[in-house]
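According to TrEMBL, the feature Ca(2+) 1 binding site maps to PHE23, GLY25, GLY27, GLU67, GLY256, ALA294, ASP296. If you look up TrEMBL, you'll see THR297 marked as Ca(2+) 2 binding site.
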Amino acid sequence: MATLIAPSNHSPHEDAETLQKAFKGWGTDDKTVIVILGHRNVYQRQEIRKAYEEIFQEDLVKKLESELKGNFERAVYRWIHEPAERDAVLLNVVLKSAKNYHIIVEISSILSPEELLAVRRAYLNRYKRSLEEDVASHTSGHLRQLLVGLVTSYRYTGEEINVRLAKSEAEILHESIKEKKGNEEEVVRILSTRSKIQLIATFNYYREIHGTSITKNLLDEESDDFQKALYTAIRITTDHVKYYEKVLRHAVKGIGTDEDALTRVIVSRAEIDLGVISEAYYKRNSVLLEDAVASDTSRDYKHFLLTLLGKDD
């Protein structure tokens, strides 16, 4: 259930001209930017980008970068891009920062095979290097094996499950992850090649056999990036709605806000299932997601996120 509210008909040329007017004079009319871009789907946004360049011989993305500031600019920048291009940029930022590798796991695990392939193409076109090449050059050891395996995976998407395989691989995961008996290569092979439905069956058999979830007590203060990546891969494959709810909950929890995580989830899921994630957030926290966002953000950034949540009244 998407939360984006977009018109069925719009004029990309009119939108482009209205945006150009919003950029004129002293300061940008941020409200107009929000009203237009915050109510256009991915196809409409790309049409606006084309129209703006045709009319004004200027790249709308670069114009937005120069006119907007702070968290608002970063959120709009991610929103204006096509999903594959957006993910390619985000993956590059993660690799250059040498941290937050869980985002690579998140993106590669949630996408369909064709969507992931589109991200790899977008990355290659933008940076003139393959995604797997950069992942390999910025990581090492078992983390490298897992991340390269995930970003290059092309999984089966059918409904068939091999029960015998699920049970045997549940034991392999138990011995390697819980008993810490090594064999990390087998864990990487299982998580990066099996279909999502096959993995869920494996995790379910793990719980049935061992009486606890595979992620229970998986992480502690001494967990390394590889273990954190395993945790993310298992959590998002098992139930991506619960995974994203937790990301949002932690983003607004306590003192300060993790604007990057907040933006990432809202921007990437607004056209897909942010409504379902919002319902899960309310069920878990007894607080509406839009209220949590409103209390932890401010100004144009707040209004833009609320617009994507379908709550811009």
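Keep in mind that glycine also has a Cβ here, set from the backbone N, Cα and C atoms.
TrEMBL does not curate its annotations; it predicts them automatically.
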Pairwise Cα distance for GLY27 (Ca(2+) 1 binding site)/the residue listed as 'Ca(2+) 2 binding site' [Å, integer]: 21
Packing count at GLY25 (Ca(2+) 1 binding site) (other Cβ atoms within 10 Å of its Cβ): 8
Pairwise Cα distance for PHE23 (Ca(2+) 1 binding site)/THR297 (Ca(2+) 2 binding site) [Å, integer]: 24
CB contacts for THR297 (Ca(2+) 2 binding site) [other CB atoms within 10 A, all chains]: 22
Rounded Cα-Cα span from THR297 (Ca(2+) 2 binding site) to GLY256 (Ca(2+) 1 binding site), Å: 10
